[in-house]
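Beneath this line is the structure, given in structure tokens, with notes to follow.
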Amino acid sequence: MCLLIDAGNSRIKWALADTARHFVTSGAFEHASDAPDWSTLPVPRGAWISNVAGDAAAARIDALIEARWPALPRTVVRASAAQCGVTNGYAEPARLGSDRWAGLIGAHAAFADEHLLIATFGTATTLEALRADGHFAGGLIAPGWALMMRSLGMHTAQLPTVSIDAATNLLDELAENDAHAPFAIDTPHALSAGCLQAQAGLIERAWRDLEKAWQAPVRLVLSGGAADAIVRALTVPHTRHDTLVLTGLALIAHSA
């Protein structure tokens, strides 16, 4: 049994896995929220941790583990040149984020023998190009949908700051009034829809460019907390998989 922890910038996801492909239980919590209830969980043989949220998150994770399972072995996952069938095409492999690395491993296992474009939607939107043979060819990083909207609100004099929940409601209203209207007629709707279309445009352009470059079909795989909203703006085929990082961590743990 392995404890898997994926600490992102917005929240911490975790799972207990008894094999490389099966989660016994899982959950998620915000960085500032109450601790998860691990009191009934069996003792794992160790914890495998991907943390891109910094030192404060690392200290909290250590404290949570120590409170429930003192002295439990912990492995902080870092990207390497090759692991679990994936080779790292980064110029400096160790500089690739651990979440992106684990996600690549999870995606390669889930969609074996397929070329992939993996789009993950969190605080940042990341795109990873993964060949069918497991070679990570490179990626793109852009502000996430929420960060785009928040940045416009913070760094302009007259634009509002719109949250994801508010933007989703605004887009629902826009769709109900005219599902085919390409442009909004007020600022909050325009900001919400514009930032959403920017996300969709990035993804669709990258997907088309990758299929052209590789001269082969590429599966577009979507993951992350903001995927529900962004899916509505996409016009290309796609597949959802919301546990890529945890799946990759499970594979890393069971290969140790």
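Placed from the backbone N, Cα and C atoms, the Cβ positions cover glycine too.
Swiss-Prot lists Asp6, Ala7, Gly8, Asn9, Ser10, Arg11, Ile12, Lys13 as binding ATP, and of Thr75, Thr87, Thr120, Thr123 the one it places in that same site is Thr123. Sequence-distant contacts (6 or more apart, same chain, Cβ under 8 Å) of Arg100 (substrate binding site) comprise Ala79, Thr120, Thr126, Glu128, Gly139. Secondary structure at Asp6 (ATP binding site), as computed by DSSP, is strand. Neighbour counts of Cβ atoms within 10 Å were compared across the binding-site residues Gly8, Gly97; the minimum falls on Gly97.
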